Amino acid sequence: MASPVSVYHSSSLDSHIASTGRNSLQMELLADVSLLPGEDRITDQEIIYMCPFNGAVKGKVLITTYRLYFKSSDADVPLTLDVPLGVISRVEKMGGASSRGENSYGLDITCKDMRNLRFALKQEGHSRRGIFEMIFRYAFPLSHSLPLFAYVNQEKYTENGWFVYKAMEEFRRQGLPNNKWRITFINKSYDLCDTYPTVLAVPFKCKEDDLRRVASFRSRGRIPVLSWIHRENQAVIVRCSQPLVGMSGKRNKDDERYLDLIREANDTTKKLTIYDARPNVNAVANKATGGGYEGDEYLNAELVFLDIQNIHVMRESLKKLKDIVYPNVEESHWLSSLESTHWLEHIKLVLSGAIQVADKVSSGNSVLVHCSDGWDRTAQLTSLAMLMLDSHYRTLRGFQVLIEKEWISFGHKFASRIGHGDKNHADQDRSPIFVQFIDCVWQMTKQFPTAFEFNEHLLLTILDHLYSCRFGTFLYNCESIRDQQELRSKTVSLWSLVNSKMDIYLNPFYTPESGQVLYPVASMRHLELWVTYYIRWNPRIRHQQQSPVEQRYKELLALREEYLKKLQQLQLSDSSSPYLLANSTTPNTTSSTASTPSQQYTHLQTPF
């Protein structure tokens, strides 16, 4: 049943739309829009959508506490928009009361998901004032002392997605603790590092006081801690932030000794490889602000710079990409235009860095990874390397664990990078770091189409809800703030939605291979622009991009279901006929019918 109607009373709106017209409009929209539990209607209005593909489209817009919904009233142009308000980055007034020209007065809305929306209204009676105020108020609730929609959302699911990741369970799956690595709860009150999780894995030989002294020499107190350990060769991926070397070249004996303990924890690691995600020149420049990198004083260590640019470069790169794909794709000089954005070049460098990390660990050598503060490029590198090394993270639930672990629990600044509920669209902290990571994952799924249990639809869903504020999963900057805001008890996890209908996120071509390390080719010739994400709002491109392989996916899924049903029917009929089973002359009949449907399916060979 639809939620009760909650109308915002504004004199300008009431004068613009007669009450009878308003009631009929609401009833009409009630038939079109299925509201979420906890979502309330705010206002609705006749409006013109300036569609970049169809021109001016008359229709009606509904604003709720969660979304902007537009439906065309022109039967010849069946068009709807359903935009979560969290996706909105900027709302501006277009034209003035005296503006000349048709449809020159209205609103210009910039979205975080690669599209812009323009709406035109009648110029008399300040017709846009009410709708502008409502969009601005509910798109940026934190700027108006209102709760994010995730705290209002009352959706219920059979599974609680907040329990997908438990740190101790994940460490045990990796074989920890052991005689070289121990679990510490020194950060249980977030007093060692307020942006780290409460459960950490550190070298067995180090003491709690050692950790505190190391924290004083690492940016934001983000000490080197274990992210992943190789079960066979015991090589590890350790993550942290930059050392506080500064212009004077300060040293810290405890930090130097600590890195040596990490190296010693693996017998085959003669030199600890330190992967600094930054370009060399940036790392040197960071000394001026008190940061820096590990120098020659770190014995038995080698330093490698990976040349990945900072958050500001990435933000500008995505802006340039948006300019060439929306609203119109730059056709005449497409390749040179795409190259000028440098987006794929950045994807290449991130993937290339992760490949180096994975290869070093696979060969038995422990590594340490950091950038400046250890929550942007560091998370990209560790999580991608772990995806290459550990097939568990390539399953649907394992991928959820990877995101919860390396991004959410280790303090990627989602609130700052995305700007949830905040009107400050020009904030220099905003950057598409997590989008870039998901793009890298998509590149891997394209190169290894049978290695991942999940499909592209999962990646698109994750990015859509990165912005939507419908779920609590990507809110706030770190665990300590989430605890303060009672996030887990007051909001719904995105994984509750995903795991309630897993079938639509599964890859039917998935073939589990537990020990295989994936090394994607990180060259420009093998990387593609993710068209179904970046250009999905263009109906012409979307039509052209309907892949025959995707269509074959659906056909095979249906065929698989049909075969499994027939197999189950055969099993039931066989089990109900013991005489037939006992007198069967075919040696393999019993074993094949005793097999599970999934076992039967894994042996099917699908020709392309």
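Cβ atoms here come from the backbone N, Cα and C positions, even for glycine.
Per TrEMBL, these features apply:
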ACT_SITE  Cys371  active site, phosphocysteine intermediate
BINDING   Asn310, Ile311, Cys371, Ser372, Asp373, Gly374, Trp375, Asp376, Arg377  substrate binding site
COMPBIAS  581-598  compositional bias 'Low complexity'
DOMAIN    161-534  domain 'Myotubularin phosphatase'
REGION    581-608  region 'Disordered'
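Taking a C-beta cut-off of under 8 angstroms and a sequence separation of 6 or more, Arg377 (substrate binding site) has the following same-chain neighbours: Ala277, Arg278, Leu306, Ile308, Val350, Cys371, Ile433.
The Cβ centroid of Asn310, Ile311, Cys371, Ser372, Asp373, Gly374, Trp375, Asp376, Arg377 marks the substrate site; residues of that chain outside this set whose Cβ lies within 8 Å of it are Ala277, Thr378, Ile433, given in sequence order.
Residues within less than 8 Å, Cβ to Cβ, of Trp375 (substrate binding site) and separated from it by at least 6 positions along the same chain comprise Thr195, Arg222, Ser241, Phe410, Gly411, His412, Lys413.
Sequence-distant contacts of Asp373 (substrate binding site), defined as residues of its own chain at least six apart whose C-beta falls under 8 angstroms from its C-beta, comprise Ser219, Arg220, Arg222, Ser241, Gln242. Taking each Cβ in turn and tallying the other Cβ atoms within 10 Å, the top scorer among the recorded positions Asn310, Cys371 is Cys371.
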